[in-house]
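Participant: Below you will find the structure I want to go over with you.
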Amino acid sequence: MKAAAAEGGGPCRADGDDSLYPIAVLIDELRNEDVQPPLESLATVEETVVRDKAVESLRKISQEHSPVDLEVHFEPLVKRLASGDWFTSRTSACGLFSVCYPRVSSTVKAEIRQHFRTLCSDDTPMVRRAAASKLGEFAKVLELDYIKSDIISLFTALASDEQDSVRLLAVEACVSIATLLPQEDLETLVMPTLRQAAEDKSWRVRYMVADKFSELQKAVGPEITKNDLVPAFQNLLKDCEAEVRAAAANKVKEFCENLPEDNREQIIMTHILPCVKELVSDTNQHVKSALASVIMGLSTILGKDNTIEHLLPLFLAQLKDECPEVRLNIISNLDCVNEVIGIRQLSQSLLPAIVELAEDAKWRVRLAIIEYMPLLAGQLGVEFFDEKLNTLCMAWLIDHVYAIREAATCNLMKLVEKFGAEWAQNTIVPKVLGMANDPNYLHRMTTLFCINALSEACGQDITTKQMLPVVLKMSNDQVANVRFNVAKSLQKIGPVLDSNALQAEVKPVLEKLATDTDMDVKYFAQEAISATRAVFALHAAAPSPPVLDANFEKQMEQQAVCFH
C-alpha cells in the first residue's frame, strides 16, 4: 500500500514518523497543480490562529497586486471565502474587503459592499462578530455617500444585535465612523445608537463604551460632549457593575483634559467631581485603584485653590485606604500635586502610608514603593528624608527577598546622586559598612553590593578611605560566596581607586584570593587581576605613571596560564 502511494506521487508515511506526516501531505499538495491556493485553504481552517495568520498574509499580498490583478485573482478569492459553506471562511473574508476595495472598479466595489452587507446579517454570530470588528476599518475606505447610506445602517443593526459580543464590537467601530462624518451628521446618524450603547443591558457593552470614551469624546467634538457625553460619563461612573465603574474611573483625567476650555472647570466641579468623591470610598478595590492612578492629574487641571479645597481631602483619604494598590497609585503620582501645591501639604498623611507599604506582606508592593523613593526624597527634601525615611531605606537592605535588597541598593545610589557625597559619607556609608559584621552572610554580601553601587557616586576619597578597608577585610570571610564577591567588588571599584591603593592594598588581596581553595573564588580573583592590569595600563598612560613591580606582572601572567 505504501509503495503504491509512493508510486502514485502521494505522501509516504513511514513507521515512527507520524509527526512529519502532515508536512509530507502539505508538500505533496503544493506539488499538485489542481490544489486551491494555500492561503485560501488556510483561511478556512478551524484553528483561529491559523486563519488570522492566513488573512494577515493575504492582506500583505494584496498590496503587491496591480488593480487589474486584484480584480482577476484576489477579488474572486474574497468572494469565494465570503460565500463559503463554513463560517470559518466567511469570518476570514471580513478582514479582506478593506484592502481590495480602494483599487477596484466601481462595479466590483458595489459587489464588495453587497458581500459585506450580507456578512453583517449572517446567521452565525461568529461571522457577525468578525464583520462588526472590521466595520470601522471598512468604513475608512468607503466614499462618504456610502458611509451614510450603507455603513450607518449596518452600524445601527450590529449595535442592536441579540449577541452582546457583537454589540460591543459595534461600539469600537463607532469611533472610526464618527471621525469620518461631518459634524452636522453626527447627532442624527451616530448619537442615538451611542446613547443606546451607553445604557445597554449588558455590562460588557457599557464597559466598552467606558473604555473607548476618550476616543469617542474626541471624535464627536465639544458640543456633543457637553450635551450628551457628560451625562453619559456620569452614569458610567455610577454604573452598578464594578468593571464598568473601574473603566470609567480610569478615563477621568483624560475626559476632563479634553473638555472645552471655556467651561471645563464648571463641568468638572458640577458634574464630574461629585461622582469622583463617591468613587474614593467605592466598595470595590479595583475601582478605587483605577481612580487613584489618575485622580492626581486633576490638580493640574483645576489649579491650586480647587486642589487644596476639593482634591486634597480625597488624596488624604486615599493615602489611608486599606488597599495597598490605592495608596501606591497615589504615591506614584505625587509629582502632579507637587507642581501645583507642593508635597508638604500631604507629608503628614504621606509618611504612615509609605511605612505601611514599605512593610507590606506582598514583596511586589514593597518593591514598587522603593522605586518611587528617589522621587519622594527629591520632593520632600533631605531633612524630612533623614528624619522619617532613612531608616526604611536601610531596612530594605536586609529584606528576606533578594529583589528587594537589589532594588534597595540601587535606591541608595540614586539618593547619593540626589543628595551628594557629603550626605552619603555622614548618613549612608557608616550604616552600610556596619553590615559587614552582620552574622547573616547575605547581609554581608549586601554590603559589597552597596559599595559597588556607591563607589562612583561617592568618589575616590570616600571609596579609598572608608569603603576599601572594609572590602579588604572581608576577603577573610568564612563563606566562599562572600570572598568571590570581594574579588568582584575590587574589580568594580578599581577604576575609582588611585594607583597607590591598587598597588599596595588591592594587589596582595587579589593574589591571595587567586590561590583560594574554592574554584569560584579563584576564577573571580583571576578576572579581577586581569581587569586590574587594564587599570594599571590606563594609569601608565597618565602623566605620572605608577611603578608596577616585575614580580607582580610575572605572577599575574603565570596565574593566567595556569587558570586557562
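Placement of Cβ uses the backbone N, Cα and C atoms for every residue, glycine included.
Not my notes, these are from TrEMBL:
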type	residues	note
DOMAIN	106-216	domain 'Phosphatase 2A Regulatory Subunit A helical'
REPEAT	112-150	repeat 'HEAT'
REPEAT	151-189	repeat 'HEAT'
REPEAT	190-228	repeat 'HEAT'
REPEAT	229-266	repeat 'HEAT'
REPEAT	272-310	repeat 'HEAT'
REPEAT	311-349	repeat 'HEAT'
REPEAT	350-388	repeat 'HEAT'
REPEAT	428-466	repeat 'HEAT'
REPEAT	467-505	repeat 'HEAT'
Participant: Let me spell it out: take the repeat 'HEAT' (428-466), skip the flanking residues so only those 6+ beyond its ends count, and list any with a Cβ under 8 Å from a Cβ in it.
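Facilitator: Residues 394, 397-398, 405-406, 409-410, 412-413, 415-417, 421, 473-474, 477, 479, 481-482, 485-486, 488-489, 492-493, 496-498, 501 contact the repeat 'HEAT' (428-466) from elsewhere in the chain.
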Participant: Summarise the repeat 'HEAT' (229-266) as counts of helix, strand and coil residues per DSSP.
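Facilitator: Within the repeat 'HEAT' (229-266) the tally stands at 29 helix, 0 strand, 9 coil.
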Participant: When you scan the chain for residues with a C-beta under 8 Å from the repeat 'HEAT' (467-505), skipping those not six or more beyond its ends, what do you find?
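Facilitator: Distal contacts: 429, 433, 436, 441, 444-445, 447-449, 451-452, 454-456, 458-460, 512-513, 516, 518, 520-521, 523-525, 527-528, 531-532, 535-536, 538-539, 546-548.
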Participant: Restricting attention to the repeat 'HEAT' (467-505), give the mean pLDDT.
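Facilitator: Mean pLDDT, the repeat 'HEAT' (467-505): 92.
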Participant: Tally of helix, strand and coil residues over the repeat 'HEAT' (190-228) according to DSSP?
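Facilitator: The counts are 32 helix, 0 strand, 7 coil.
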Participant: Looking only at the repeat 'HEAT' (112-150), how are its residues distributed among DSSP helix, strand and coil?
Facilitator: 30 helix, 0 strand, 9 coil
